[in-house]
Every structure is written in C-alpha cells, then in structure tokens.
Amino acid sequence: MAKKQEIRPKNFSDFVGQNKLKKLLKVMISSAQVQNRPLDHILFYGNPGTGKTSLASIISNSLNSRIKYAQGNLLDKKTDILTLFASVEENDIIFVDEIHAINKNIEELLYSILEDFVVDIVIGVESNSKIMRLNLKPFTFIGATTQINRISKPLRDRFGLIGQISNYQVEDIEKIIKNNSKKLNIQIDEKATNLIALYSQNIPRLAINLLKRTKDFCIYEECQIIDYKLVNKTLKQLGIYENGLNESQVKYLRSLSETFYKKAVSLDLIVGFLSLQKETIISEIEPLLISNNLIVKTPRGRKITQKGISYLERI
C-alpha cells in the first residue's frame, strides 16, 4: 500500500498567513532556546480547519521536541489527566485539541500542573486519605479551541500566550492551494485555483479537501491538469454552491424565501420544517449564512435578506 502523502506544513516558512502570530511564536521560541527553558504554554483559538494543530506541530519541529496529541472530549476522568502527563519528559509538548471540551469537574487538576509542574493525588478514602504530590518535568502545554468563550478564566490565565487564528484572505487560500498541488503532484491553472479558493469559505482545510476531490476527478477522467471546468464539475458533484454553501444551507435559504414567504420566522418553525436539530441549525447551518449576510436574526425570528434572495436567483 502506498504511503499516505503528508501535506501538513513542517515549518513556519511553509505555513501560509498568520504573519504576526508566526513572528511572535518565532520570537518566543528563540528566547526559550537562549534561556534553555521550556516554551511558555500557548492557547490557540479560531475556526475549525485554520491551522491550530499545524502550528503546534511546527512549534514541536522548531524546538526538536516530542509532541503528544490528545482530544479534550476524551479527558473526562482524573485518570485521563494523570495518564496524559505521566510519561512527560523535559521539554516535551502536550497538545490538547478542543480543550474547551475537557470535563469541568477535573479542570482544576490542570491548574497546578500548568503553573507549577506538579500534580496532587489523593491516596485512600475519607479519614485515611492523604495527598501525594508528584513533580513533573518542565514541559510546554498547547491548547486549541474553536470556542474561546468556554475556557474558564483560571485556565486561560495559565497560558503565557493566547493566540488568535485570524481570518484568511483569498490570496492566502490560493497560495495554500498552489503549495499543496505540488505536494499532491498535480497541476492546476490559475482560474481553477481561484474557483476552489472562492468556494472554500477561506478555510485552509476545506480548500485542501476540495483540491483533493478535484484531483480524484482528474485521475478518474485521465486529465493532465486541473482546470476551471473540472473544478466546477467537482463542486456540482459534491453539492457545494457559491461561497461554499452546502445543500442543507441552500434548502434553509429556500425555506425562508419560498415556504415562509420572505417573512421573519421562529427557529422552532424552521426546525420542524427542515427536520433538523436546533443545535445543528445554530452551529452548522446558520453561521455561514449570517457571515455572508444572506440571513439576519431579528426579534421576530430569522429572515432572508435581499442579498440572500439574489443569491437564490443566481444559483
């Protein structure tokens, strides 16, 4: 079986965009190396697919440190925390993705771990119990979250840097597509590159996934280069519309325009009509529609905008 292609950037030069944050990280890394001490703990926040895990990996490469990955939603019990840090070596990096999903009942364990590199364990029960303190070797903790508002202040205060992953520009996404087309050994022309970028919601991961799916069609049709026509065909097959909307989002728009006659309508009515969970609509469907000004939230409910009406007429 062929080895899976690794397209994640390995260094800061490979990582497109986020120039201010990259500069700050390079300064921190250089300072830590000169002082021969671990890098301060870092918290990255931003939208999914924008490079938080990649930056953690690049930091690990820059420091020549071992990195251990974990998911916040899997850190549910005290033993999960203890297991995560039990084998930590000096200058290791512990990366926890979606750190906001850590069980809040065990979050306090992290405070002393991050601040003093110690963990207190209760041995025994009730009157016979005693606290045993374990000293950990100095390490760097990197957290990533898509929901910074769910990170408690005591936990946030343990990070030496809180870095926001800012929105990408179309030019950044186009460069990411070109860089990854080389890694994927596929040629792509300028118009095709621009079209993928415009349909990617300015999110690197989505752009790369669209490039991969277009490559699949290119191989299937035995073409030599990805062009505008092939990208357009791929997008239609995937059910992806202008600005990166999917079929569920377009159906939502059509319901506001046609079923509810362009009037403001309550979320409960929309939920009933689309047969979707309320949380799915709020977190998965509406954000892109709102950011593109295709719908607005009013005191009376959701309403399609004139831009949203024009969008439906255009697609």
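Every residue gets a Cβ built from N, Cα and C, even glycine.
The feature region 'Large ATPase domain (RuvB-L)' is assigned by Swiss-Prot to 1-168.
What Swiss-Prot records for Ile7, Arg8, Gly49, Lys52, Thr53, Ser54, Glu115, Asp116, Phe117, Arg158, Tyr168, Arg205 is ATP binding site. Cβ contacts within 10 Å of Glu115 (ATP binding site), excluding its own Cβ and spanning all protein chains shown: 12.
All chains included, 17 other C-beta atoms sit within 10 angstroms of the C-beta of Thr53 (ATP binding site). Residues or ranges marked as Mg(2+) binding site in Swiss-Prot: Thr53.
The region 'Small ATPAse domain (RuvB-S)' annotation in Swiss-Prot covers 169-239 and is backed by sequence analysis.
A mean pLDDT of 94 is what the model gives for the region 'Head domain (RuvB-H)' (242-315). Annotated region 'Head domain (RuvB-H)' per Swiss-Prot: 242-315, in sequence order, evidence recorded as sequence analysis.
Residues or ranges marked as DNA binding site by Swiss-Prot on the basis of sequence analysis: Lys297, Arg302. Counting only same-chain residues six or more apart in sequence, the Cβ atoms lying under 8 angstroms from the Cβ of Arg302 (DNA binding site) belong to Leu256, Ala264, Val265, Ser266, Leu267, Ile270, Glu286, Ile295, Val296.
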Proximal but sequence-remote residues of the same chain as Tyr168 (ATP binding site) (Cβ under 8 Å, at least 6 apart): Gly17, Thr50, Asn202, Ile203, Pro204
Same chain, 6+ residues apart, C-beta under 8 Å of the C-beta of Gly49 (ATP binding site), given in sequence order: Ile203, Pro204, Arg205, Leu206
Cβ neighbour count within 10 Å of Ile7 (ATP binding site): 17
Chain-internal residues, separated by at least six, CB under 8 A from Lys297 (DNA binding site): Ile290
For Phe117 (ATP binding site), the number of other Cβ atoms found within 10 Å of its own Cβ: 17
